[in-house]
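**Q** Take a look at this one; I'll ask things after.
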Protein chains: 4
Amino acid sequence: MRKYGVIGLGQVGATVAYTLVQQGTVDELVLIDKNEALATAQKLDLDDASARLSSTTKIILNDYSALADAEVLIVASGNIKAIDMTSSKGRFGEYDSNQAIVRDIAPKIVASGFKGILIDIMNPCDVMTDYLQRMTGFPRNRVFGTGTFLDTARMQKYVGQAVGTNGKNVAGYVYGEHGNSQFVAWSTVSVNGQSIHDFKDLDLKALEEDARQGAFAVMAGKHYTNFAIATCGVRLAEAVSADAQLTCPVSAYDPAFGTYVGMPAVIGKNGIEALIHLDLTADEREQLAASAQFIKSKVDVLPQPAPSK
Amino acid sequence: MRKYGVIGLGQVGATVAYTLVQQGTVDELVLIDKNEALATAQKLDLDDASARLSSTTKIILNDYSALADAEVLIVASGNIKAIDMTSSKGRFGEYDSNQAIVRDIAPKIVASGFKGILIDIMNPCDVMTDYLQRMTGFPRNRVFGTGTFLDTARMQKYVGQAVGTNGKNVAGYVYGEHGNSQFVAWSTVSVNGQSIHDFKDLDLKALEEDARQGAFAVMAGKHYTNFAIATCGVRLAEAVSADAQLTCPVSAYDPAFGTYVGMPAVIGKNGIEALIHLDLTADEREQLAASAQFIKSKVDVLPQPAPSK
Amino acid sequence: MRKYGVIGLGQVGATVAYTLVQQGTVDELVLIDKNEALATAQKLDLDDASARLSSTTKIILNDYSALADAEVLIVASGNIKAIDMTSSKGRFGEYDSNQAIVRDIAPKIVASGFKGILIDIMNPCDVMTDYLQRMTGFPRNRVFGTGTFLDTARMQKYVGQAVGTNGKNVAGYVYGEHGNSQFVAWSTVSVNGQSIHDFKDLDLKALEEDARQGAFAVMAGKHYTNFAIATCGVRLAEAVSADAQLTCPVSAYDPAFGTYVGMPAVIGKNGIEALIHLDLTADEREQLAASAQFIKSKVDVLPQPAPSK
Amino acid sequence: MRKYGVIGLGQVGATVAYTLVQQGTVDELVLIDKNEALATAQKLDLDDASARLSSTTKIILNDYSALADAEVLIVASGNIKAIDMTSSKGRFGEYDSNQAIVRDIAPKIVASGFKGILIDIMNPCDVMTDYLQRMTGFPRNRVFGTGTFLDTARMQKYVGQAVGTNGKNVAGYVYGEHGNSQFVAWSTVSVNGQSIHDFKDLDLKALEEDARQGAFAVMAGKHYTNFAIATCGVRLAEAVSADAQLTCPVSAYDPAFGTYVGMPAVIGKNGIEALIHLDLTADEREQLAASAQFIKSKVDVLPQPAPSK
């Protein structure tokens, strides 16, 4: 039996739930949100679809204890309205409110006896992933964030458009923060196996900025993003269930930096199975270190868990 | 090549689009919305998911002419905030604004050369479906509405819960308006092939009211419904593409009433292939006639198309 | 994690495995066949597809102990060449060889610690399902056969063709043996909610014979059947995983007959959750009893398990 | 509407058809085989599954004229028993019989008015793809073969196993003949973006031989291969329908060699949209030329089409 949980049923969490129900990915789905009326509404809407779907999914509402035997828990909490797309604050608009959410839900997740893999989507993603790990005390491999998995997809899209091909033909990774300090590690990027540097007349700076600003381009029109990020969360959860050992750029704990930051990592039933250390350029290594340092600085100043006795 | 169009990219239309892209149902998808920024945002969000999906879908934005060779056009326009769930007005809160939308889009659809099947989700569904047919002048079989397809799914869910079984084991239909005058034709309802009347201690009145109020139960928590209705729209579109000859309760034109109203009909490549006339009770026949009459009265008072010369 | 096992990797078992891998239904799949070379070949062929699939499935070969934590075990053993389509023997051509297979595999399944649901496809299906239950000693609800699930699909197809509609619009059940003594319980059959008896000029005898001979029509051209039966097996397994409480005609143990026989039953995580007793006609009840008696007579003469001490 | 055709309904063609029906990929499917009984049996078996599938697929039997408006035609003819896995002949065991099939079906395909993309699976694949193009006279971009698409998947699998990762993390291509003269272009192969040459202690010769012999490893146990090759054929067809512009190693016409040979090419609605010319090593270029020359020599000696007047 496949069983996942989702905490936070706004646009992102609800779309994750819908995708799982629509695909018949899971047999049981635990949906949790402080807004009881919202949670009930999402469950009703999903249940209403049941007679029109070939699969059946049991939805359990607002019951942390039901997470005890869940394989994957996706955290999609937050208040999208706090994100300020017009200022440099960006995703840190949710910094204050989401750190409080972490302190609220972490002990409940621990108390539930949850033994699976926690995938964080909550923003600022790397900071909150790190904070969730600290506050739950879960092994670091069992907690990771969607990080630059979506930014990388956006980079693939924009590079694909620039070169005139499908973004699926583009390989390579966006590293660093799922936020302003992210960067495209161009040394890793290739199109159909050819280094991006072989393609002339590409404005790499502009393409990098397109990927970085991708979320805000969407938010400019709909005030949130949900389809692509929910798809990313679901793909990562599926990789965990299948123990796929699939390499994806996610927010993973790197001991070299003492925090979570976006980089390629192998996803399997243990969450992060391994980090993939590619041969980055000196400049890329520097950018990554700077991005990680920024993330760490934002986590270190948060109220830390009481030392275990 | 499968090609659909969607007009109206609010929660419902966007979820229809997401479902089609996620499933790889169509090869091309034409998305249309007066709110250019919203339309652009939905396309960007869907395109961002592409590198994480195994299928590829080409999205064409705000180009009516691209509908010329589309198989199916789903109309999901509307202003959900106009729906008044607290008064008896219900879905007629959108009556004024949506009739204007019909007059706006109908000539554009006609001018596009669209030759496919038009599926209306816009509310009040039966009225707007009828009005769309009148204003486009399309053959009546080529226009239908989701009607009571979702209400029937809700009835199946509630009856299933009452009897303690999966709603998929429940057969039968909700007839009439996708609105307050709808009713469950209990003479058609069975569970695992057994008449609903063989199940004792069921409060059929309450179950019917649950189905009728299902949308409002969802809206109470999330202020709109999208997952179940989008799923219904997609299933009907798939039935058209596959020429499935599948019997579904939809809003279909019944010459006996001179308007569109919810009843079982056969869906295929011609849209409505046939109406299914079941042996309803006298009371049910009366309710259906009353519901149809109410719908017709609401369409007849709208500005009619100029007589063709 | 979803984990199934398949014993018997001929055309049917292999197609079951392929369907599960193609759909990404399971995370782990245990494949077992005495023919080691065949088993290895099926695994290699399925693994070769992996880079072309979005999902990943771990295939475990010929390891009974891996069944310990499997949810579903599908038994598809047999020697199709033994089925004699030209004589009245039919599926009983496999009677001698398959009963030996049951005695071989039953103790191995028990020893594996398998605690899931056993779905038998092996022919003659009802006899071998009963025998598998007796020889494993598993609770009767945890063992069932595909029985008339496929015959019912064939009946739906042929009735649909006769009436000029999609077989999915046809409800009702084939009862009895997955073999010559099966029959269509016409009292349960309806098209779009209308009794089959309302459709004039149908030759019900001929339609029943079409359904009964459906397998042989396929075998006449390809010497085995696999696509439809594998699809049936997979659907039932999915209903178990999802605890779908879905009513399907399968070979279930009916205490009234003291054996397994095809009839509608509710499928869920406990296998057979309940039998559905419809109001059959006297003639249908008689046919069902005769069919069950025939099945029982064929199981009773087989070597029985040693009495437990 | 999506419409494909399949010629040749042995294990491969039938599995292609089953995959398309199971997934609901197409709305209409034209199945063609000289063995009428076999064709009828495959259709019956697929139709029998219909009531257990959520999608509906119309199957048209042995009607070349129905190919007129098909998007994709997959040719999977052949006599697998002619393949000699024990001698160096390999897939050329089918050379004599399949060239006759090409001469038989090519004029029928042309006469049907088929305007879509022809994907050849028939062996020896490159030779027969070239011969099909010559005998149909179709533009070269509209005809291509599965070529090394499957061999590449096998290489990915074996490299993944050697390195201890999912083959999906392996990039790169097998070039040349879908046969003995194929080779892994190791200069194109990377794992998670790292050159294969950075992985020490890999026996590349052995891995290349594993990929080359992959089909025979499967045939040793089941006497044919179907699951992986059918999956490959379906993925390529889907890329055509979606105009995906997806880069895949296939058997494409390269004017430099005057024949079809396996190399990365861009697949879209026009079939082969472009060849991808990677910076191969001198040795790889030589192997490719030799492989192409071998293929060409085998096509050139076949009876050629009459010169058009």
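Using the three backbone atoms N, Cα and C, a Cβ is placed for every residue, glycine included.
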**Q** Suppose a student reads TrEMBL and sees B:Gly8, B:Leu9, B:Gly10, B:Gln11, B:Val12, B:Gly13, B:Asp33, B:Ile121, B:Met122, B:Asn123 listed for NAD(+). Which of B:Asn98, B:Asn141 should they find annotated at that same site?
**A** B:Asn98
**Q** Where does B:His178 (active site, proton acceptor) sit in DSSP terms: helix, strand, or coil?
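**A** Looking at the DSSP assignment, B:His178 (active site, proton acceptor) belongs to neither helix nor strand, so coil.
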**Q** Cα-Cα separation of B:Ile121 (NAD(+) binding site) and B:His178 (active site, proton acceptor), in Å?
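**A** Just about 10 Å between their Cα atoms.
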**Q** If you measure every Cα to Cα distance among B:Gly8, B:Leu9, B:Gly10, B:Gln11, B:Val12, B:Gly13, B:Asp33, B:Asn98, B:Ile121, B:Met122, B:Asn123, the residues said to bind NAD(+), what is the biggest one in Å?
**A** 17
**Q** Here are some binding-site residues: B:Val12, B:Ile121. Which one has the most Cβ atoms within 10 Å of its Cβ?
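**A** Neighbour-count leader: B:Ile121.
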**Q** Tell me the Cα distance separating B:His178 (active site, proton acceptor) from B:Asp33 (NAD(+) binding site), rounded to the nearest angstrom.
**A** 24
**Q** Which of the binding-site residues listed here (B:Gly8, B:Gly10, B:Asn123) have a Cα atom within 10 Å of the Cα of B:His178 (active site, proton acceptor)?
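**A** Hits: B:Asn123.
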**Q** Using Cβ-Cβ distances, find the residues under 8 Å from B:Asn123 (NAD(+) binding site) that belong to the same chain and are at least 6 apart in sequence, listing them in sequence order.
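**A** Once residues fewer than 6 apart are set aside, B:Asn123 (NAD(+) binding site) is near B:Gly78, B:Ile83, B:Arg91, B:Glu94, B:Asn98, B:His178, B:Gly179.
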**Q** Check the binding-site residues B:Gly8, B:Gly10 for other C-beta atoms within 10 angstroms of each C-beta and report the one with the most.
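**A** Within the set of binding-site residues, the most crowded position is B:Gly8.
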**Q** List the helix, strand and coil residue totals of the domain 'Lactate/malate dehydrogenase N-terminal' (B:5-145) as derived from DSSP.
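**A** Its residues fall into 73 helix, 25 strand, 43 coil.
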**Q** Tell me, roughly as an integer, the mean pLDDT over the domain 'Lactate/malate dehydrogenase C-terminal' (B:148-299).
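**A** In the predicted model, the domain 'Lactate/malate dehydrogenase C-terminal' (B:148-299) has a mean pLDDT of 97.
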